[in-house]
Amino acid sequence: MGELAERDKAVIWHPFTQMQTAPLPIPIVRGQGTLLFSADGTTYIDAVSSWWVNTHGHSHPYIAEKVAKQLHTLEHVIFAGFTHQPAVQLAERLLPILPDHQKKVFYSDNGSTAVEVALKMAFQYWHNVGKPRRKVIALEDAYHGDTFGAMAVSGRSAFTAPYVPFLFDVEYIPTPVPGQEQAALDQMQALLSDDVAAFIFEPLIQGAGGMVMYRPEILSQLIEMARSHGALIIADEVMTGFGRTGKLFASHHLSHQPDLMSLSKGLTGGTMALGVTTCTNAIYDAFKSEDKYKTLFHGHSFTANPLACTAALASLDLLLSDETQASIQRISQRHVVFAEQLGHKPGVKNVRQRGTILAFDLDTDGQTSSYFSNIRDIAYQFLLEQGVLMRPLGNVLYILPPYCITDEELTTVYSAIDKLLHYITQNDPSLRDSSPN
Ligand SMILES: *Cc1c(COP(=O)(O)O)cnc(C)c1O
């Protein structure tokens with residue numbers, strides 16, 4: 001194990017990793033169900049679905065079989081001027097389960113590109129109809145990806161600081177969490193004008209921003225306001241899609257639906273990289289013309305890769321099965337019970353839960369929300385030692401498990417958290433006396 005990690009260190013630069021101080025990476029040799037097996041024989045429960053992508057457990061035999069078969073039939077084909085069964089079938093199966101009015105599928109290969117495409121569709125829509133609009137309204141603390149357009153519409157933070165001079169301007173409204181709802185409505189009202197091209201958001205849960213949760217009713221209200229000024233509505237469901245929030249899509253909790261949607265992560269069950277942007281016919285129609293310059297000039301080499309589309313089709317079969325739907329409800333119900341217990345523990349605040357996602361803040365007394373604070377590294381290592389992979393976002397701990405997680409495994413994750421809380425309160429003088437809230 002040591003050997004592979006050393007070889008890695010010699011040649012590889014890891015994502016979101018300070019290479020000077022990060023511990024050596026853990027070589028993983030196999031995955032099965034919720035479990036990851038390391039080279040030294042340790043097993044880890046993947047309680048974050050490997051960065052929110054893995055919905056049905058690792059190396060799922062059903063997905064593997066379908067992809068293997070496709071691999072021997074057609075591994076890839078250029079998607080301009082050509083098409084294939086998996087791409088068509090996936091679009092035909094996706095559109096009916098999405099919110100109303102989503103009528104066309106545009107493929108790309110990850111979440112950031114799915115967002116880029118949505119933004120380009122929105123800007124070019126206004127260009128094509130001859131009424132160019134420039135403004136985008138986004139939520140503070142949003143995360144929409146790491147490419148430039150996606151970064152531009154994300155909140156400004158330490159992650160985007162070096163690039164700020166290169167990002168286009170975006171108008172922000174406060175994330176409408178309880179306590180900020182009126183401020184969000186007021187700010188939206190103040191920003192709305194005939195120059196607003198789009199309103200983009202992560203519906204109900206901001207993921208990378210710290211699993212920040214807000215009510216569907218307030219988002220529906222904001223959508224209604226933005227739409228009344230003609231703004232196109234973009235739901236970035238890259239993280240919230242495919243059952244995470246208890247419904248197939250977070251937008252299903254809303255009374256007002258988006259015009260554009262970005263999907264990725266859970267789309268292939270975590271097997272292959274694939275992104276999807278969907279839109280209404282009204283948007284699509286603004287690109288149809290005898291005029292070549294109204295074309296959407298965008299496409300990636302691996303657009304609609306047949307293996308990725310096949311993985312997505314297999315993942316959909318699993319997702320829509322009674323067994324998986326029951327699992328999503330089972331996980332949600334167990335989270336509710338654990339959330340209730342957590343609420344009474346010292347050192348814990350702001351417990352929140354929706355569907356299969358449970359999150360809370362470690363009350364770090366004064367040093368909250370800094371991604372770089374020690375508590376994050378302490379918690380990460382401690383949980384790994386308990387055999388549980390979680391990746392705290394600063395002082396925010398969250399569980400976002402594959403839907404196949406067993407009751408026993410969930411219990412292990414919960415009790416690892418209990419042990420962590422006990423450990424922290426024993427070791428941190430600032431927490432020792434804090435009262436439950
Ligand atoms: C992860 C994420 C993205 C970016 O997806 P990548 O595949 O990592 O590029 C975009 N939006 C949201 C809401 C995400 O959680």
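The first residue you see is number 1, and the count goes up from there.
Note: Cβ is positioned from N, Cα and C throughout, glycine not excepted.
Here is what TrEMBL records for this protein:
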BINDING   W51, Y143, K265, G299, R391  substrate binding site
BINDING   G111, S112, D236, H300, S301  pyridoxal 5'-phosphate binding site
MOD_RES   K265  N6-(pyridoxal phosphate)lysine
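Around the Cβ of G111 (pyridoxal 5'-phosphate binding site), the same chain contributes G145, D236, V238, M239, S262, S264, K265, G275, each under 8 angstroms and 6 or more positions distant in sequence.
Between the CA atoms of H300 (pyridoxal 5'-phosphate binding site) and R391 (substrate binding site) there is a gap of 30 Å. Among the binding-site residues listed (G111, S112, D236, G299, R391), G111, S112, D236 have a CB atom closer than 6 Å to some atom of ligand 1, in sequence order. Residues within less than 8 Å, Cβ to Cβ, of R391 (substrate binding site) and separated from it by at least 6 positions along the same chain comprise V48, W51, Y380. In the three-state DSSP scheme, D236 (pyridoxal 5'-phosphate binding site) falls into the strand class.
The two recorded residues Y143 (substrate binding site) and S112 (pyridoxal 5'-phosphate binding site) have their Cα atoms spaced 10 Å from each other. There are 9 other CB atoms within 10 A of the CB of S301 (pyridoxal 5'-phosphate binding site), with all protein chains counted. The highest number of surrounding Cβ atoms within 10 Å, among the binding-site residues K265, H300, is found at K265.
Taking the Cβ of G299 (substrate binding site) as centre and 10 Å as the limit, one finds 15 other Cβ atoms among all the protein chains shown. Secondary structure at G111 (pyridoxal 5'-phosphate binding site), taken from DSSP and collapsed to helix, strand or coil, is helix. Separation of the C-alpha atoms of S112 (pyridoxal 5'-phosphate binding site) and G299 (substrate binding site): 13 Å, rounded to the nearest whole number.
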